[in-house]
Amino acid sequence: MVKKIWNYCNVPKHAAWVFMAPALFILLVFTGIPLAASFLMGMSNTTVFMDGFSFIGFRNYIKAILDPRVINGLKNTFIFTLISIPLQIGFALLTASMLAQNKRIFQFLRGVYFIPTLCSFTAISVLFLMLLDKTSGIIPYWLKCLGFQNPPMLTQAHSAMAWIIIITLWRNFGTSMVILIAGIQGISQNLYEAAAVDGAGTIRQFFSITIPQLTSGIGFCVLTETIGCLQLFDQSYVLTKGGPMFGTESIVQYIYTVAFQNYDLGYASSIAALLFILIMIIVICINKIIAKWEQENY
């Protein structure tokens, strides 16, 4: 018996599955089963106060598709994502290009820019909540000194969303910066030297060499940051609680409200399941775009 198992594991394609088995088991237990349970719970009217499971079919899913709060949450989440991702990737790419050299000052600055990523969004949001307080916050005070009377920090939807984006940019871009720095340092200097001989300047080298050589790194950053942005919760919840007038309420925050304030676990599960499907569709589309972009650059 042991010999059969050993022979089975020695086959390359079988050995791969053997090594992946522990990770796949953990993924199944902690992701697959809860995900399936969420889909099933979405087909019930389960609440915190119910002991049993009452099957109602796809009623919750239909309700979620027609719910104005769901549509509003998706709109706010997409606005946040579509603005945040280009800013994060662009700023990270620009910073990585400047700090890719192995000089001590640049190595120090890399560490400084990476520090915010070690902090949780909740802690950073609480910090900015104090800085943006209209009565005691230092940022409104500075703006008043510059002549801005009663600057709308978190009292208007547009300004509140802008600050949520700024906080996310400040906290997240360090991760993308480190990934892109590693990619830039892996680019052969012969390409830049040949381009310089042909008369290409710094800007032309950046767009003709650096960016095409970083397609995999940029694609990975776009993918991971998009998944994170579509799950926006901490910043909007701590800073604005979704206000004013649901102007910054994300779809995940609405799921939290339905589940833990309205105690409607079945309906919250149906919204979460639909969000998972939506994120999967977006991820597949982004992967196809990245694959096509990589083929064009190689």
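Keep in mind that glycine also has a Cβ here, set from the backbone N, Cα and C atoms.
Because the structure is a prediction, the values reported are computed rather than measured.
Taken from TrEMBL, the feature transmembrane segment applies to 15-36, 78-100, 112-132, 160-182, 214-233, 265-286. Sequence annotations record features per position, and here TrEMBL assigns domain 'ABC transmembrane type-1' to 74-284.
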Please tell me whether the transmembrane segment (214-233) and the transmembrane segment (78-100) touch - that is, whether there are at least 3 C-beta pairs under 8 Å between them, with each pair 6 or more apart in sequence.
yes
Should anything in the same chain at least six residues away from the transmembrane segment (112-132) have a Cβ under 8 Å from its Cβ atoms, list it; otherwise answer none.
95, 99, 138-140, 153-154, 163, 167-168, 170-175, 177-178, 234-235, 238-239
Should anything in the same chain at least six residues away from the transmembrane segment (265-286) have a Cβ under 8 Å from its Cβ atoms, list it; otherwise answer none.
35, 38-39, 41-48, 56, 60-61, 63-65, 67, 70, 74, 219, 222-223, 226-227, 230-231, 251-252, 254-256, 258-259
